[in-house]
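S.K.: Structure in structure tokens, see below.
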């Protein structure tokens, strides 16, 4: 169980997770196409859980994406099928579609029960799970239902572990709080790292935003193609984007090129070769990059080449 916590940003709680002897885990995603490489981090983590004996359920969140203005249900189901084809190259998971779940009255009963135990302020605070600021949700009341539905997903599926990026933290913490009030199983939250936008975060001084909201605001996004490496990008596109990416010397925090190396390539593609040095752990690369042993140019060259190799295995 300890090894399953490698390349994990946070687990709530570690003790609860280590007490598990198998069980079930879930992740929900809005079906968009093309996906970016940030999705691969949680996909590989799900595959590790599956290999360790967990029942892994992937919720293709069509209704959630529709609420979030990402397209019609029909379009979203079609996108979901394409995403599944990529995920099938990483692991074999059970899939559930949000619009199928929404046909069950018991699901909506859960949504209402969760709403009864949650303040409006708490719901608004949980909206960064949508990739939106809390102030944006007042444009459309349905968006306030999104966090409630995400919590209902966890209880409806009856899973032990809720998996997601750090941007999903508030919804998962809401689920843990509400579980106690409703007498339901409290889910363990397992949060994987987020890859920052290739353009960086800009000046964040004085924003006073919580870390999960920062992740939601500055992560890679398919809607901003130059901020992300897309699964459909050509080798030329990948190399151009990496060479143009924000990658300050001696700085690893919110450095997207370092994050790609440490969170995706080294754990799931293999050791990274940089100028005769072989990095088998992200910590070793972090140390050398911070000390200037590895330069931004050297890091970009190695990351671009390794990333092209990884994506070649996943393209449809």
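Backbone N, Cα and C define each Cβ position, glycine as well.
Annotated L-tyrosine binding site per Swiss-Prot: 26, 146, 150, 153, 168, in sequence order, evidence recorded as sequence analysis. Per Swiss-Prot, the feature ATP binding site maps to 222. If you look up Swiss-Prot, you'll see 219-223 marked as motif ''KMSKS' region'.
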S.K.: Within 10 Å of the Cβ of the residue listed as 'ATP binding site', how many other Cβ atoms are there?
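M.R.: The Cβ of the residue listed as 'ATP binding site' has 18 Cβ neighbours within 10 Å.
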S.K.: Average pLDDT across the motif ''KMSKS' region' (219-223)?
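M.R.: A mean pLDDT of 82 is what the predicted model shows over the motif ''KMSKS' region' (219-223).
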S.K.: What does the structure give for the C-alpha distance between residue 150 (L-tyrosine binding site) and residue 222 (ATP binding site)? Integer Å is fine.
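M.R.: On Cα coordinates alone, these residues lie 21 Å apart.
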S.K.: Looking at L-tyrosine and its recorded binding residues 26, 146, 150, 153, 168, figure out the farthest C-alpha pair and report it in angstrom, whole number.
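M.R.: Taking every pair among 26, 146, 150, 153, 168, the longest Cα gap is 17 Å.
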S.K.: Give the three-state DSSP assignment (helix, strand or coil) for residue 26 (L-tyrosine binding site).
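M.R.: Looking at the DSSP assignment, residue 26 (L-tyrosine binding site) belongs to a strand.
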S.K.: Compute the C-alpha separation of residue 146 (L-tyrosine binding site) from residue 222 (ATP binding site), stating it in Å without decimals.
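M.R.: The separation of the Cα atoms works out to 20 Å.
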S.K.: Comparing the binding-site residues 26, 146, which residue's C-beta has the most other C-beta atoms within 10 angstroms in this structure?
M.R.: 26
S.K.: What is the number of other Cβ atoms found within 10 Å of the Cβ of residue 153 (L-tyrosine binding site)?
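M.R.: Excluding its own Cβ, residue 153 (L-tyrosine binding site) sees 27 Cβ atoms within 10 Å.
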S.K.: Quick one: DSSP breakdown of the motif ''KMSKS' region' (219-223) into helix, strand and coil?
M.R.: 0 helix, 1 strand, 4 coil
S.K.: State the Cα to Cα distance, in Å, between residue 168 (L-tyrosine binding site) and the residue listed as 'ATP binding site', rounded to an integer.
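M.R.: Distance between the two Cα atoms comes out at 17 Å.
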S.K.: For residue 153 (L-tyrosine binding site) and residue 222 (ATP binding site), what Cα-Cα distance in Å is obtained after rounding to a whole number?
M.R.: 24
S.K.: Please report how many Å separate the Cα atom of residue 222 (ATP binding site) from that of residue 26 (L-tyrosine binding site), as a whole number.
M.R.: 23
